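Beneath this line is the structure, given in structure tokens, with notes to follow.
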Amino acid sequence: MGFFWALLSVGLVSAAQLLLRSAMVALPPLTDIVAFLQHLLHFQPGTFGLFFGLLGYLLSMVCWYFALHRLPLSKAYALLSLSYILVWAAAIWLPGWHEPFYWQSLLGVAIIVAGVLTIFWPVKRR
């Protein structure tokens, strides 16, 4: 059950990152605090992304709490790195994001996957 909570946390935090990124693109900069607050108060584009992104972080923390009660920290923490892969892939493939693909990035993703697999690889006890 710990894997379930950890993976749910990873999914939520990844979605939250994407929502917050879209919100930051749509909302005015914080240097213009009046315009920023007006956008928030009048539910302008980006407002829902900001609110749902923050909600995603909150729900992710709740799931993480449950995951840490059921998994060793060394294994649970390794699963968090899967969020980097999900956000990277979504930023490349989702329409409207226009993030470029680089082979070096794919190599980095492969190294992350190899690291997670190494941590979870069963160890034979002698």
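Heads up, the Cβ atoms here are built off N, Cα and C, so glycines get one too.
Straight from Swiss-Prot, the features:
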TRANSMEM  1-21  transmembrane segment
TOPO_DOM  22-47  topological domain 'Periplasmic'
TRANSMEM  48-68  transmembrane segment
TOPO_DOM  69-76  topological domain 'Cytoplasmic'
TRANSMEM  77-97  transmembrane segment
TRANSMEM  101-121  transmembrane segment
TOPO_DOM  122-126  topological domain 'Cytoplasmic'
- Message: Cβ under 8 Å, sequence separation of at least 6 from the ends of the topological domain 'Periplasmic' (22-47): give me the contacting residues as numbers and ranges.
- Response: 53
- Excluding the flanking five residues on each side, which residues at least 6 beyond the ends of the transmembrane segment (1-21) place their CB within less than 8 Å of a CB in that stretch? 49-50, 52-57, 59-61, 63-64, 66-67, 69-71, 76, 79-80, 82-83, 86-87, 90-91, 94
- Pop the mean pLDDT for the topological domain 'Cytoplasmic' (69-76) in here, whole number is fine. 89
